[in-house]
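Here's the structure, in structure tokens; my notes come after.
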Amino acid sequence: MKIADLMTLLDHHVPFSTAESWDNVGLLIGDEDVEVTGVLTALDCTLEVVNEAIEKGYNTIISHHPLIFKGVTSLKANGYGLIIRKLIQHDINLIAMHTNLDVNPYGVNMMLAKAMGLKNISIINNQQDVYYKVQTYIPKDNVGPFKDKLSENGLAQEGNYEYCFFESEGRGQFKPVGEANPTIGQIDKIEYVDEVKIEFMIDAYQKSRAEQLIKQYHPYETPVFDFIEIKQTSLYGLGVMAEVDNQMTLEDFAADIKSKLNIPSVRFVGESNQKIKRIAIIGGSGIGYEYQAVQQGADVFVTGDIKHHDALDAKIHGVNLIDINHYSEYVMKEGLKALLMNWFNTEKINLDVEASTINTDPFQYI
């Protein structure tokens, strides 16, 4: 399996297009044409993680957090530059799966909920998928070759189906004027043409490409086409809602997930003895969604990186919070390993996958 093949597989199951616009996901360092010798999953790509990959003979690291986030201005032999230089020197490919793994139905938040032993887990804060229905009008004799070109360039595809067009016949009319150079008709004379309206669906990211292809392959000098926006609720969403088996107190639940996640500290906001049943989870830094979680029926909102003023606001408004630290996302190492092994087995790909044993939590606890 080459890196390009791995990227295609990852994009199929955890689409990079579902990442936030500000994020930096995908192949950050590497060569798509090289063969994968093994995959190491990690929360962060630190120097220790790179050394671990080298020791195992694996040339591919898939990290959750992007090593390259802001603009890199230099690659010196220290700090992040040292890590990047070592990756390049040892021909190690680095792939980041960040917010696209966060919003995935099988991603980080699902992994956290399962690690906490919760049930009835479902995605919340669903994204809106944007599609376009494309309409254009073309002379009857040109329909076949035109559709062929669109299909060859990846348009008019629906899941496992290609060449997905709808046609309806009609009669078009126009009058070329001035410096027009018409394919059909004469200057200053109204022309009537038997035309076919062709309709097909595209994803939002294909819009500019579709416009380019229509202009390139349409026989008319100035083709007419429409893009009609359609929105649908996506399967992807930031966070999950889940439940405990039996109602328990806020303090007992906080202690329980601290033990199950095996993390050194947990903080919570709210009355210790308050009973909870439904839990909303956004791993990493999810503050900003706590009030929405309550509106969706959550008794407590679980996330990390909670700041003092956000916690105080929540307390004043009676919103229960549990801070499980950002590093709690480490569960994705084993979680992603399991997903990869399942995908590889399905595709009959024989490739070693291991979860990094390196603890990349920058904090020390006393």
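Using the three backbone atoms N, Cα and C, a Cβ is placed for every residue, glycine included.
Bear in mind that the values here come from a model prediction, so they are computed numbers and not experimental data.
For E329 (Zn(2+) 1 binding site), the same-chain residues that are 6 or more apart in sequence and have a Cβ closer than 8 Å to its Cβ are L43, H64, V108, L112, G283, G284, G304. Taken from Swiss-Prot, the feature Zn(2+) 1 binding site applies to H64, D102, E329, supported by similarity to another entry.
The secondary structure of H326 (Zn(2+) 2 binding site), as reduced to three states from DSSP, is helical. Per Swiss-Prot, the feature Zn(2+) 2 binding site maps to H65, H326, E329; the stated evidence is similarity to another entry.
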- Taking the recorded Zn(2+) 1 site as H64, D102, E329, identify the other residues of that chain whose CB atom sits within 8 Å of the mean position of the site's CB atoms, giving them in sequence order. L43, H65, H98, T99, L101, G107, V108, G283, G284, M332
- Message: With Cβ-Cβ distance below 8 Å and at least 6 positions apart along the chain, what are the contacts of H326 (Zn(2+) 2 binding site)? List them in sequence order.
- Response: G284, S285, G304, D305
- Note on the structure: Note: among binding-site residues H64, H65, least Cβ-dense neighbourhood at 10 Å is H65
- Query: Can you list, in sequence order, the residues of the same chain other than H65, H326, E329 whose CB lies within 8 Å of the CB centroid of the Zn(2+) 2 site?
  - Reply: L43, D44, H64, G283, G284, G304, Y327, S328, Y330
- Round to a whole number and give the Cα-to-Cα distance in Å for the pair H65 (Zn(2+) 2 binding site) and D102 (Zn(2+) 1 binding site). 11
